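Since the structure comes first, as structure tokens, the remarks are kept for the end.
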């Protein structure tokens, strides 16, 4: 069911809603509805328009500040897109005897052939109780103090508790309720400072129309029928430490074994020194993120280190291959003919030796590397190479006559 909650304004300002009127609409065809509340003063109210689909129920909730036994409203059916009226406006009236009244069904057919069903119910708003919603009780504050507001708006202990401060558990065996009856405290707690509490006793609250001191008398009422309640003691570990469980409506009563107390017998009165210590380590989302970040950083560092270790020797070898070898330091020797026109007997040749080495580009590229120094293939070929001098050559070149 798709529920639409619409607040309809009445002639009186709703300062604090006490009453809720629920209406459920079902149409045989798709149609739009213009809904309007009709008051006794016939003052104008703002209409509300909503769409209905075939066999699709839709719900309205009207909030009122007071309970009125007569509720009047009007309905105008129109086309969904054009807004053209479908027949005349329909006026309906619903009468209430109290908030405990069941749904009131009203089914009719309009002049346009559309069948419309309207079901209406009146209930009290939140924190209002009674047959006409005349009593106020703050259920939220009562729940915080283990109390509840009963059907008449009276402040009583919550189900399963009793005592002046609702701190004592109720033993359902003292009531012996039948037919899903609930054993509760009858004490009415004061809702005002000047009120006094009533006497307390355990009684049975009956359901599904049963009556009697123990809900043993069958008085079936279809409007008060509720679904069978599951056994509250069927829940796993409803009572702890070997306690006996007794259901009491939606609550349980635990009869604790010797040495245990508490609502569920979870508190031990005997203190013993444990022989073992159990340590539970739980990692939060933040700690897991830190560990993952550190692990990724370590893995990334290892990968970078492997690349450096692998490529550093290769780089050194490449640099070694690219180095230019130094040439041999050989003494420079030159021969010079003084008189080329002289006879063979008269020719004079001077040999000049210097200690200054001259390395030109041709010698640089024709010299052999050091590791091939002993190979004659790379030696410089000269006609007559004098042996190197045993002594250091003089600083001034010397001339020898041949």
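The backbone N, Cα and C atoms fix where each Cβ goes, and this holds for glycine too.
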**Prompt:** Can you say which of 280-306, 307-333, 334-360, 361-387 is given as transmembrane segment in Swiss-Prot?
**Reply:** 280-306
**Fill in**
residue 256 (disulfide bond) and residue 233 (disulfide bond), compared by Cα position, are separated in whole Å by 14
**Message:** I'd like the number of other C-beta atoms within 10 A of the C-beta of residue 183 (disulfide bond), please.
**Reply:** 25
**Prompt:** What does DSSP say about residue 166 (disulfide bond): helix, strand or coil?
**Reply:** coil
**Request:** Using C-alpha positions only, work out which of the disulfide-bonded residues 124, 166, 233 is nearest to residue 137 (disulfide bond).
**Result:** 124
**Complete:** Cα of residue 157 (disulfide bond) to Cα of residue 149 (disulfide bond), in Å and rounded, measures 9
**Request:** Report the mean pLDDT of the predicted model across the topological domain 'Extracellular' (16-279), rounded to a whole number.
**Result:** 85
